[in-house]
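Visitor: According to Swiss-Prot, the protein has these features:
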COMPBIAS  282-294  compositional bias 'Acidic residues'
COMPBIAS  296-315  compositional bias 'Low complexity'
REGION    193-315  region 'Disordered'
SITE      79  site 'Implicated in ligand binding'
SITE      163  site 'Implicated in catechol agonist binding'
SITE      167  site 'Implicated in catechol agonist binding'
TOPO_DOM  26-36  topological domain 'Cytoplasmic'
TOPO_DOM  63-72  topological domain 'Extracellular'
TOPO_DOM  96-117  topological domain 'Cytoplasmic'
TOPO_DOM  141-156  topological domain 'Extracellular'
TOPO_DOM  181-356  topological domain 'Cytoplasmic'
TOPO_DOM  381-392  topological domain 'Extracellular'
TRANSMEM  1-25  transmembrane segment
TRANSMEM  37-62  transmembrane segment
TRANSMEM  73-95  transmembrane segment
TRANSMEM  118-140  transmembrane segment
TRANSMEM  157-180  transmembrane segment
TRANSMEM  357-380  transmembrane segment
């Protein structure tokens with residue numbers, strides 16, 4: 001029964017991890033640089049399932065090491081190498097998640113395939129450093145029976161503690177602290193919302209709004225925004241509107257449509273407003289009014305033939321005192337809003353992926369903790385804390 005279960009787990013491990021590698025290498029949506037961690041992790045798990053578990057199963061079923069003595073030493077080194085690499089890969093993935101959540105825009109620009117491959121190389125080097133000592137220093141293995149030879153891990157206390165700390169306890173502690181930090185960042189980000197991030201809603205709420213019926217200081221000056229008020233008054237040319245009389249008479253009839261409240265009020269004649277030269281551009285009028293002052297001109301008989309087309313309000317922008325200020329405000333707000341939404345989407349994606357990895361790592365820690373705890377306990381107090389062989 002045990003052999004059947006272990007055999008099924010071996011096949012399931014090989015098939016499942018092969019699908020992971022195939023999906024990352026063939027799917028366009030999964031070709032992100034950080035998914036190289038998953039490819040390397042899946043490769044380590046496949047090596048464990050093909051080179052380690054079958055020989056461990058045979059050793060447990062037979063009760064002794066049936067294969068060559070040299071292969072026993074290589075087998076033990078590969079066992080430590082692949083298992084340590086698998087654990088350290090999960091630690092590297094957790095650090096990658098933390099940097100992606102805490103510094104999303106900055107880290108994503110630096111998360112290149114070359115950098116990820118370099119981190120993967122460091123992971124394998126760490127695993128190799130931990131697994132090589134048993135090959136170099138074999139220690140006191142004791143007498144080996146000729147009929148039933150054994151293949152056991154290094155029983156030196158210093159190596160047991162060092163390998164347990166480097167292979168499991170240190171990466172496990174790092175992963176727990178990192179995912180706790182990610183949880184706190186995600187929770188704080190969720191509680192703040194767009195206003196705490198300086199989102200577009202907050203910036204728009206701080207913009208001044210003109211009071212209906214009151215002429216603002218900016219409207220009293222011959223600025224460019226005043227030329228946006230009505231199409232006919234652009235470029236210094238006025239056109240009569242329905243229900244509106246000439247100068248000196250009642251300005252508007254009761255049925256005349258009013259200007260939108262967000263548009264600056266237009267000063268009437270006699271309030272210090274000067275009309276620019278008809279047919280000139282808004283920039284030229286502004287420069288002439290600032291330097292020389294624009295003298296009043298008589299209106300032409302045919303406004304339609306003399307006046308240039310009226311300026312249109314940019315879509316999605318706010319009207320302020322000047323046209324230049326209006327354009328800059330609209331573009332700045334849109335850019336800030338796009339950055340905020342891009343960061344929000346990135347954080348949401350990272351948080352979902354982080355949750356899945358947290359579940360995987362939690363199950364992984366629960367599976368590995370009993371072995372490393374009992375393995376380390378045998379080195380700390382070998383006489384009084386001896387773990388039964390069957391439980392180990």
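Any Cβ shown, glycine's included, is placed from N, Cα and C.
Context for these features, please: burial, neighbours, distances.
Guide: The DSSP secondary structure for residue 79 (site 'Implicated in ligand binding') is helix. Taking a C-beta cut-off of under 8 angstroms and a sequence separation of 6 or more, residue 79 (site 'Implicated in ligand binding') has the following same-chain neighbours: 48, 52, 56, 131, 153.
In the three-state DSSP scheme, residue 163 (site 'Implicated in catechol agonist binding') falls into the helix class. Listed in sequence order, the residues of the same chain lying 6 or more apart from residue 163 (site 'Implicated in catechol agonist binding') and placing their CB within less than 8 Å of its CB are 80, 84, 130, 133, 154.
Packing around residue 167 (site 'Implicated in catechol agonist binding') is summarised by its Cβ count: 25 other Cβ atoms lie within 10 angstroms of its Cβ, all protein chains included.
Secondary structure of the topological domain 'Cytoplasmic' (26-36), assigned with DSSP and counted as helix (H, G, I), strand (E, B) and coil, comes to 8 helix, 0 strand, 3 coil.
Note on the topological domain 'Extracellular' (63-72): its mean pLDDT in the predicted model is 85.
Here the transmembrane segment (118-140) has long-range neighbours at 36-37, 40, 73-74, 76-82, 84-85, 88-89, 92, 96, 153-156, 159, 162-163, 166-167, meaning same-chain residues at least 6 beyond its ends whose C-beta is under 8 angstroms from one of its own.
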Visitor: Going by DSSP assignments with H, G and I as helix and E and B as strand, what are the residue counts for the topological domain 'Extracellular' (63-72)?
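Guide: With helix first, then strand, then coil, the topological domain 'Extracellular' (63-72) has 4 helix, 0 strand, 6 coil.
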Visitor: How about long-range neighbours of the transmembrane segment (157-180): same chain, 6 or more residues beyond its ends, C-beta under 8 Å?
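Guide: Distant contacts of the transmembrane segment (157-180): 80, 83-84, 87-88, 90-91, 94-95, 97-98, 126-127, 129-130, 133-134, 139, 354, 358, 361, 365, 368-369, 372, 375-376, 378-380, 382.
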Visitor: Quickly jot the same-chain residues contacting the topological domain 'Extracellular' (63-72) by Cβ under 8 Å, restricted to those at least six beyond its ends, or write none.
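Guide: Sequence-distant neighbours of the topological domain 'Extracellular' (63-72): 55, 147-151.
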Visitor: Below 8 angstroms Cβ to Cβ, which residues of this chain, lying six or more residues outside the topological domain 'Cytoplasmic' (26-36), approach it?
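Guide: For the topological domain 'Cytoplasmic' (26-36), the nonlocal Cβ contacts are 93, 96, 100, 111-113, 115-117, 120.
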Visitor: For a three-state summary based on DSSP, what are the helix, strand and coil counts in the topological domain 'Cytoplasmic' (96-117)?
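Guide: Summed over the topological domain 'Cytoplasmic' (96-117), the classes give 19 helix, 0 strand, 3 coil.
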